[in-house]
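The annotation transmembrane segment is assigned in TrEMBL to A:36-58, A:79-100, A:120-146, A:158-181, A:201-219, A:240-260, A:272-293, A:300-321, A:341-359, A:380-402, A:414-435, A:460-482. Annotated domain 'NADH:quinone oxidoreductase/Mrp antiporter transmembrane' per TrEMBL: A:125-421, in sequence order.
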Amino acid sequence: MLSIVIFLPLLVGAALAVMRGLPARAARLVWLATTLADLALLIVLTFTASTGAGGLRAEERVNWMPQLGSSYHLGVDGLSLPLLLLAGVIFVVCAIWSLRETDRPRPQAALFLFLQTTCLGLFAAQDLILFFLFFDLSIVGMYFVIAGWGHGNQRHSALVFFIYTFLGSLALLLGFIGLYLGATPHTFDMVELSRHGAFTGTPAAAGFVLAAIVIGLAVKTPTFPFHSWLPPAHTDAPTIGSVVLASLLLKMGTYGFVRIAMPMLPDAWRSWAWVIIAIGIVSVLYGALVALVQADIKRMIAFTSINHMGYVVLAVGAAGVLGRTTAEAQQLAIAGAATQMVSHGLITGALFLLAGVFYDRTGSYDLRQYGGLARPAPAFAGFFAIAAFASLGLPGFSGFIAEFQIFTGSIGTVPWTLIALPGILITAVLFLRAFQRVFTGETKQLSAGFADLHPRETTALAVLTVLSVLIGIVPGPLLAMIEPAAKVLVGSLTP
Amino acid sequence: MTSMSMNMDYLALLPEIVLLTAAVLVLLGGSFLPRTRQVITRWLTLAALAASATAGLAALARAPETIFDGSYTIDASTTVVRMAAPLATLVVILIGRHEFTGSARESETYALLLLATLGTVIIGGTTDLLVLVAGYLLASIPLYALIGLSRSGPAAEATLKTYLIGALFGVLLMAGVTLLTGLAATSNYLNMSKSLGNAPVAALAGGAVALLIGLTFKAGAVPGHFWIPDASQASGVAVAAFLTTVPKIGALVALGRLVEIMPDTVDVPLLIAMLAVISMTVGNLAALAQNNVRRLLGWSTVSQVGYLLMPLAVITASDGAWLALLAYIGLYALTNLTLFAVVACFPHREELDDWAGMARTHPWLTGTLIVGALSLVGTPPTAVFIGKVAVFTVAWDGGMPWLVVVAAANTVLSLLYYLRLIRPAFRTPGFSPQHGSRGTPGVALTVSGTAVTLGFLVLAAGAVGAGIWLVFLA
């Protein structure tokens, strides 16, 4: 079942890729239908999948390369299932958004279906080689998205993106080989590697392996100081490319922290937790401050992504700090990190769609060239306001639930993480300032004649914002899904 | 050397005998057949190569053994060489359809290819230094002629260069063979390692270095790599595919056998590791600056040999090193031939810019090109990825993690030029229709079909084939 969910998009994508005569309209509809069907399958799986022996749901395992200690092993748990569902939703939204796409819609649909398979596969992989496979293929897919459908200096941005994240993926591969060699018997199986004491190397060896993995994941996340590929990639990517990049590809990095780095190297993680916390705090503050001075809306959102991912890194770092009575706080921090991944996916996805509307109508991302936009485009202004408020962590939206848990959990274990709190304030300032500048006052410059949202745009945005509000108001189901897995993770961190 | 316990099992040499017989038959037949019937030699060659590979596979049913007084070993490594080399040559002949068929020296070309393949097989299978020298000459001399076949100015230059470098490294190899044979009082690998342990270190080091460096000519590694880019650019596409793929197969296995028997009084693994680092770095840096497709691919093979040398450096320190080496050789040969097969579809598109617009006109071949290039980068799930993981793992396991880090950094470097290979295909063609950008008229379906099939194999190799390949080797 899980394999079908993962590979259905790929199969349809391959069919679309070879059917050269297919009309554009049909290709777009096939794309939408596939993403909807895949999401439906995923929801069915969420409710029906049974739990296996290792605590994994919908587990599948087939011998693949026994000599390399690698198998085709899939399964989901409370940390991965929310991200799988997020991926399902995001790709539906992308398909809806592209219903009027005129620039080579058939290859575009095929490429995004391919990307969907890589995202779903990564979050469901339970084998490091399989994980790495999807990790690398996501880079390849995104490279073609940016280079093929981007604008501005897209070839250069795509190349920088590819090389930078590929470098990260190789660091990750080195780390994986280290994990493989550190376990007896040698294996790439993530479940076995996550068992307590699976890594038998010396603390120094564990430190190096962790460093390789953290660097690999930090590039992908990205955290300070490995973020420099992100702003150009976002700026020059097509709108839905940016959405997938921000909502899903960045999550691959943070997901790797909770899925690989923490449970597989718990001792090393605890020893180096303060470094992770420091990276998180710097990313939070740096991302917020740099976003504050951006005039290009896409660059601004890209830097707030660094800020938001910083919270996740901060939380997973803090969860590695043990105290006598901290188990609950650690658990809260991890649950907050997982919630933040979903929340950021929804909210930043919406923000990038809105940024895409700017470019679509006028060809400019420059905030200074707009003013008083609320008058000609009230619906657009409304959605922008909702997304901005959600992003700055207002209660009632998913972002609040996530950041509240992250800070409660982190401060509960490491009180001085308080110094990251101004990050929230700065993002609030920057979003309000941007909103004020663009939407209020008299209608001037590029704002004149700005067409309001089309129905397909409204639908796509509504899906994302409604989900964010739903999580904000009724977080129970999501948290219930995450909490058992967070508990297991905290358990594995305890010596 | 004349012990009576010789195992004179001629039948065990069936794969080699088939190649030799076919070479002789093709050469003789070619001189008697009329010009219009030369194609018969092509069929004969293809059949012989397939038969040789099959006979090689059949040897798997027997237990590993040494024959002819220990001068030839039939084990898993030999079996891989016996299969990979003829099959690679077979693919070369398939993609060389335009290049060879109907050319003035068709049958001679096939005979030369068969002999060079035979030389490679012998280099890989032998466990005797004197046979190694014979194999080296047998594999090298046909190469000189093959490179010169296209009879252009650059081809003549490349031939001369290859010949001079080949002669120089051949002399070096023979000097090494002489020294080691003298020191060990035998030329046989099996008896050699014990007596070499007591040999004077300076002489032993000199002999070992000369021998190993001599073999780098065949492996295409630094310092014996100078001929590769020139020859790859100036010769015909199919010949270039041959000389960047087939000679390596035997030479690397031979290097493995030799490194294995060297006593630890000389740090041979470190020498190999340094050669690996230099090869991959030099190959990658030089490839960055290339605009000619075949020259770029030539340099890329130099860098690939760097990765292939990594398991050799830990061949005594890590259990899986042979497995990793053999796996990488097979997967690399497949991928390299795929890229050359795509190039063979458009022999006149010399520069990278000539490939503009290919994505629109030839989507399948573009797909194959992408798969091939990404495979050489080492992107999953393509073939070379499995090889790379295996090679990285054994190198780390064998106590050389620094080598793995260098190789990983080099892989990122290589990404830059492998992407340059892909990018023009998506560009809209400019004003340069001089080579008929709609594709050379009459690109035979066999050539492009071979290319696309190979592309699928590269893709499948990573996902499914690699598993089978590893099972087969184990």
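Using N, Cα and C of the backbone, Cβ positions are placed for all residues, glycine too.
Curation plays no part in TrEMBL annotations; they are all automatic predictions.
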If you count Cβ pairs under 8 Å, which stretch among A:158-181, A:201-219, A:341-359 touches the transmembrane segment (A:300-321) the most?
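Result: A:341-359.
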Using a Cβ cut-off of under 8 Å, list the residues of the same chain at least 6 residues beyond the transmembrane segment (A:460-482) that approach it.
78-79, 81-82, 89, 92-93, 96-97, 335, 338-339, 342-343, 346-347, 349-350, 353-354, 383, 386-387, 390, 395-401, 453
Which listed stretch (A:120-146, A:201-219, A:240-260, A:341-359) has the most C-beta pairs under 8 A with the transmembrane segment (A:272-293)?
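Ranking A:120-146, A:201-219, A:240-260, A:341-359 by Cβ pairs under 8 Å to the transmembrane segment (A:272-293) puts A:201-219 first.
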Quick one: find which recorded stretch in A:201-219, A:240-260, A:341-359, A:414-435 has the most Cβ pairs under 8 Å with the transmembrane segment (A:120-146).
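If we count Cβ pairs closer than 8 Å to the transmembrane segment (A:120-146), A:240-260 scores highest.
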Taking residues 6+ outside the transmembrane segment (A:414-435), which of them lie with a CB under 8 Å of any CB in it?
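Distant Cβ neighbours of the transmembrane segment (A:414-435) are 277, 280-281, 284-285, 287-289, 291-292, 297, 300, 304, 307, 310-311, 314, 318, 321, 367, 384-385, 388-389, 391-393, 403, 407.
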Using a Cβ cut-off of under 8 Å, list the residues of the same chain at least 6 residues beyond the transmembrane segment (A:341-359) that approach it.
82-83, 86, 89-90, 93, 97, 151, 234, 238-240, 242-243, 246-248, 250-251, 254-255, 297-298, 301, 304-305, 308-309, 312, 365, 370, 380, 383-384, 386-388, 390-391, 397-399, 401-402, 453, 457, 460-461, 464-465, 467-468, 471, 478
